[in-house]
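See below for the structure under consideration.
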Amino acid sequence: MTRHFLRDDDLSPAEQREVLDLAARLKQDRFAERPLEGPRTAAVIFDKTSTRTRFSFATGIADLGGSALIVNPGEAQLGVKETISDTAKVISRMVDLIVWRTFEHAGLEEMAEHSRVPVINALSDDFHPCQILADLQTIREQKGELAGLTATYVGDAANNMGHSYLLGFVTAGMHIRVAGPAGYHPRADIIAEAEAIAARTGGSVTVLTDPAAAVAGADAVITDTWVSMGQESEKAERIETFGAYRVTPELMAQAKPDAIFLHCLPAYREYEVAPEVIDGAQSVVWDEAENRLHAQKALMTWLLAQA
Ligand code: CP
Ligand code: NVA
């Protein structure tokens, strides 16, 4: 059966571990897996802008022996002149993988339902699961075994990153705490799903409003932009709302002394994170960005092996 990766919980704990193990191997031995040799083609479609996702998928597909067909916003009939299901039926007869960054998560579900080949979510309004695989790889490099570690995500806990941290980190058996202002907490169904996974893996989920309490004793502190793609018209209001959630050296001091700092990037040093933190000794953001390449190559290899 064709497997897709639309949400973090599309991989079981054991499957997520397999992908992370393979990601570590591919980081050591870049051309060890060649599932797209031919070259076979992978479509990488963007409805929103991107730097890391674009470069990591294009490079990763080439490393796996394949050819990336990058489709920029507005370049395809998809969603404008043609339904998502018709596009899925057509392109999945030609390409071996579909990677799509879009707005509504339901669009990805429709694409997957009608595709003969694996569909990968390269970010939707609700989830960014490829980023979480890279974050897990980065934390494992720094801290070893993931299960039992505590990570705190501070800021917009209702966005795609907030949701994906909940699902992806409890799948790894971690304790995930999120802190955001009232009205910006994760969706109730995602909290419930994360709690159900945590009950099986030994992880836990804590949703708070106080950033200092959430960061206390954490192994990793994480944030993201306060203004996600598509929310630009709310910028002034959001900067006001999230002002108390900026990750400063003082907030980092509440975490463990050897805590690491992560940010999926792009980052705004004037808003969600102070330069002293993101450019300081505790920051692992450049490893985190590089690991997008290795984690996604592992994911593509794993998905293609299930078909
Ligand atoms: N972190 C991330 O997905 O970056 P891009 O938006 O640049 O792809
Ligand atoms: N939450 C951000 C993540 C960017 C990688 C956004 O959706 O814009």
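A Cβ is built for glycine as well, from the same backbone N, Cα and C atoms used for every other residue.
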Message: Just to be sure I read the record right: Ser50, Thr51, Arg52, Thr53, Gln77, Arg101, His128, Pro129, Cys130, Gln131, Cys264, Leu265 are listed as binding carbamoyl phosphate in TrEMBL. Which of Arg17, Arg177, Arg292 is listed for the same site?
response: Arg292
Message: Quick check: of Asn121, Asn160, which does TrEMBL put in the same L-ornithine site as Asp224, Ser228, Met229?
response: Asn160
Message: Using CB atoms and a 10 A radius, I'd like the single residue among the binding-site residues Cys130, Met229 with the highest neighbour count.
response: Cys130
Query: So of all those binding-site residues, Asn160, Asp224, Ser228, Met229, which one's Cα sits nearest to Cys264 (carbamoyl phosphate binding site)?
result: Asp224
Message: Filtering Ser50, Arg52, Ser228, Met229, Cys264, Arg292 (binding-site residues) by proximity to ligand 1: which pass a Cβ cutoff of under 6 Å to any of its atoms?
response: Ser50, Arg52, Cys264
Message: Using a 10 Å radius around its CB, how many other CB atoms surround Cys264 (carbamoyl phosphate binding site)?
response: 26
